[in-house]
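Now, the feature entries from Swiss-Prot:
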{"type": "BINDING", "residues": "A161, T162, N241, Q269, S289, S290, H291, T329", "note": "pyridoxal 5'-phosphate binding site"}
{"type": "MOD_RES", "residues": "K292", "note": "N6-(pyridoxal phosphate)lysine"}
{"type": "BINDING", "residues": "C414", "note": "[2Fe-2S] cluster binding site"}
{"type": "ACT_SITE", "residues": "C414", "note": "active site, cysteine persulfide intermediate"}
Amino acid sequence: MLRQVLRRSLSDSRRPLRSVGSISCSARASGIGMRAYSSQIFKEGMQLETHTDIQSAAREQAQERMGSEALASNNSVLKHAYQESVDHGTRPIYLDMQATTPTDPRVVDTMLKFYTGLYGNPHSNTHSYGWETSQEVEKARKNVADVIKADPKEIIFTSGATESNNMALKGVARFYKKRKNHIITTRTEHKCVLEAARSMKDEGFDVTFLNVNEDGLVSLEELEQAIRPETSLVSVMSVNNEIGVVQPIKEIGAICRRHKVFFHSDAAQAYGKIPIDVDEMNIDLLSISSHKIYGPKGIGALYVRRRPRVRMEPLLSGGGQERGFRSGTLPPPLVVGLGHAAKLMVEEYEYDSAHVRRLSDRLLKGLLSIEQTTLNGSADHRYPGCVNVSFAFVEGESLLMALRDIALSSGSACTSASLEPSYVLHAIGRDDALAHSSIRFGIGRFTTEAEVDYVIKAITERVEFLRELSPLWEMYKDGIDLNTIEWSGH
């Protein structure tokens, strides 16, 4: 099967890297393979190489800088992991799918011709170069719309979900500000939504930030009570990027429609991964990200309902492209890449969903078998590809350092540069200790069963090792109730 070949190619972390001067997408074929694409034939046994000399140099520098410390460790597990991931030049297992996904080689293949022969400006309507690229852009627009059962005319291409979210919140709020100046969102939204909402407060808007329960779900009753006559917009994300909780989008949409309030949802983590029907769910605006669905980075979209029409004030001034909402020349390679990625999400939805759920169940069962581990967020209303677990008595950052052979994100930071506990985990009632001990695992199309088994084994060993260094773990094992201890500060 082609997807099995692609999965082995993209996620085989045991494969050594070869240094090349530039990024290459070369296939070495052996055995049998039958499916052809426009510029490459993918066959059984192909290997995809996507590294550069820069990565090789960075790896060598990391080895020089950290090698002595890592090799000095008496712990064989950590040393073995370090040596495999650095000394022998193998890539870590990638389980950070909520941050980004690998670009599907079939998507890359579709994009290539737009960097060579089909390089026309899609907005040039006086010659064939513009006509042909415009035609391909509109095909991509239809593919993007089909995922959410929308009209292609309702899809506005943007640079990504951050721009889409800002466009939705700021554009709607500013257009209706003379009659309505109230916005509702939740405390667990993505940073770009929270910051956009806060910037609206600086402009004089009133913003309500709704709490969520311990499962990470918003209360429908509290939402309805928060709506006022002057409320213009409600923004609630479909799937949370940290804990994978799926909000009751259909019910929220019904409430908003009943009160004649526009409903926006950040679907960066949901688009193509859970069923979405914008009409059935009464969604008026929906943000889309390409690189979360195995498409290229730097492109996204915003669904904007036409009936009843949603009006927005544009963020950018210019030539009035994209129905006047988003001026600027579209990048055909990226747009077509997003379109093909969306098409694949539809075609392979059943397979991908079953694959992700099976591996997620396997991973979660293995992780929760470790003593004193907790799943963060709802167990029932959750996208399976996002698994967030707290390991008590272990610092999440320390665990990540011990897992150099696995690419993961810590649930203890809302951004990679921050050392503050996750605001999402705080919102669902986790204390600082548990928030700091959380790790997010992302499973996707190219994740393999062997990788999941390796991760379970590695996590189990290294959590045990780090806990042996913790005095609190020793006290817990001795039966001491840590909640009864009065800690003194100095």
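Every residue gets a Cβ built from N, Cα and C, even glycine.
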If you count Cβ atoms within 10 Å of the Cβ of S289 (pyridoxal 5'-phosphate binding site), leaving out that atom itself, what do you get? 25
Please name the residue among the recorded positions H291, K292 whose C-beta has the most neighbouring C-beta atoms within 10 angstroms. K292
Among the binding-site residues listed as A161, T162, Q269, T329, the Cα nearest the Cα of K292 (N6-(pyridoxal phosphate)lysine) belongs to Q269
For the pyridoxal 5'-phosphate site as recorded (A161, T162, N241, Q269, S289, S290, H291, T329), determine the largest distance between any two Cα atoms, in Å, rounded to the nearest integer. 30
Out of N241, T329, which of the binding-site residues is least crowded by other Cβ atoms within 10 Å? T329
Other CB atoms, at most 10 A from the CB of S290 (pyridoxal 5'-phosphate binding site): 32
Quiz question: given the binding-site residues T162, Q269, which has the greatest number of C-beta atoms lying within 10 angstroms of its own C-beta? Q269
What residues, ordered by sequence, lie under 8 A Cβ-to-Cβ from A161 (pyridoxal 5'-phosphate binding site) and sit at least six positions away in the same chain? H190, C192, D266, A268, S287, I288, S289, K292, G300
Simplified to three states, DSSP reports S290 (pyridoxal 5'-phosphate binding site) as coil
